[in-house]
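Quick look at what Swiss-Prot lists:
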type     : residues : note
COMPBIAS : 170-186  : compositional bias 'Pro residues'
COMPBIAS : 194-205  : compositional bias 'Pro residues'
COMPBIAS : 246-257  : compositional bias 'Low complexity'
COMPBIAS : 321-355  : compositional bias 'Pro residues'
DOMAIN   : 78-167   : domain 'VPS37 C-terminal'
MOD_RES  : S29      : phosphoserine
REGION   : 159-355  : region 'Disordered'
Amino acid sequence: METLKDKTLQELEELQNDSEAIDQLALESPEVQDLQLEREMALATNRSLAERNLEFQGPLEISRSNLSDKYQELRKLVERCQEQKAKLEKFSSALQPGTLLDLLQVEGMKIEGESEAMAEKFLEGEVPLETFLENFSSMRMLSHLRRVRVEKLQEVVRKPRASQELAGDAPPPRPPPPVRPVPQGTPPVVEEQPQPPSAMPPYPLPYSLSPSLPVGSTAHGALPPAPFPVVSQPSFYSGPLGPTYPAAQPGPRGAAGYSWSPQRSTPPRPGYPGTPTGASGPGYPLAGGRALSPGYPQQSPYPATGGKPPYPIQPQLPSFPGQPQPSVPLQPPYPPGPAPPYGFPPPPGPAWPGY
């Protein structure tokens, strides 16, 4: 196009009428020159590749002939393998336990028949004694050996059949349960391990299994009288059904060398019957049937109450929901009254200087 740009209109008209000039102009264009160069380069490349392929022609022919030979050898090996396989099947069919059992049974019956025929001939006198002894013993031995082999082979044949029958009668194994998919948002549930049984009870008891009084301080000298500690404890006990027996009230301590007397005792409390003494009546009978002599202090067979029990009490058990509550107002289990002195009244007779 650059060559046509500089030409005049007259030159262009002449060029249009000249076909040779147009062809020359097309061949001199750069596009056609590039295509021609690419064509020559492709031809040179193809020529070099063809020459290289011709160099591999000899090894290719040799490899092809080797492949043909190997294929022929393979066919021969396949035919030989088929022949060996047929022989193996023939031998294996002849050596099957069932086939061997049949052959042994036939041979056993045959040798047994021959031994019986030998015995009959010997009985008829056709066979001499020496020949009979030599042949009959060997025949019977062979017959017994074959019989034992037949029995053992029968056991071998029966075992696989029994195992197959048991396997056929057994139910098919159950498939494992399908695994449930766990949602991604839900954390995996951890199975709680069972707790071992503990030695402590599941509910704390309000009392000890071995009740005992707390250890106090060591006493030196005379012990002062002191009542038991008072613990408030509601109870369902409504009091004694029979008449109560008041405790004997200790009187003032006598002087040294003087014994106790009824005149020195304190008068009984109002509302309770006084303790019978020697002045008012006979004493309480003892276990042996002997009554105490009048003039000695009489001790009540029941411990002194004074509104407090003579032993430490336990706190009340906790109430559970649904437990029936008592409708009767709670009453103390002992009649009210002043606390008696600690222990029993002092013994009669001369007082011990340690008190």
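The backbone N, Cα and C atoms fix where each Cβ goes, and this holds for glycine too.
Taken through DSSP, the domain 'VPS37 C-terminal' (78-167) splits into 84 helix, 0 strand, 6 coil. Mean predicted confidence for the domain 'VPS37 C-terminal' (78-167): the pLDDT average there is 86.
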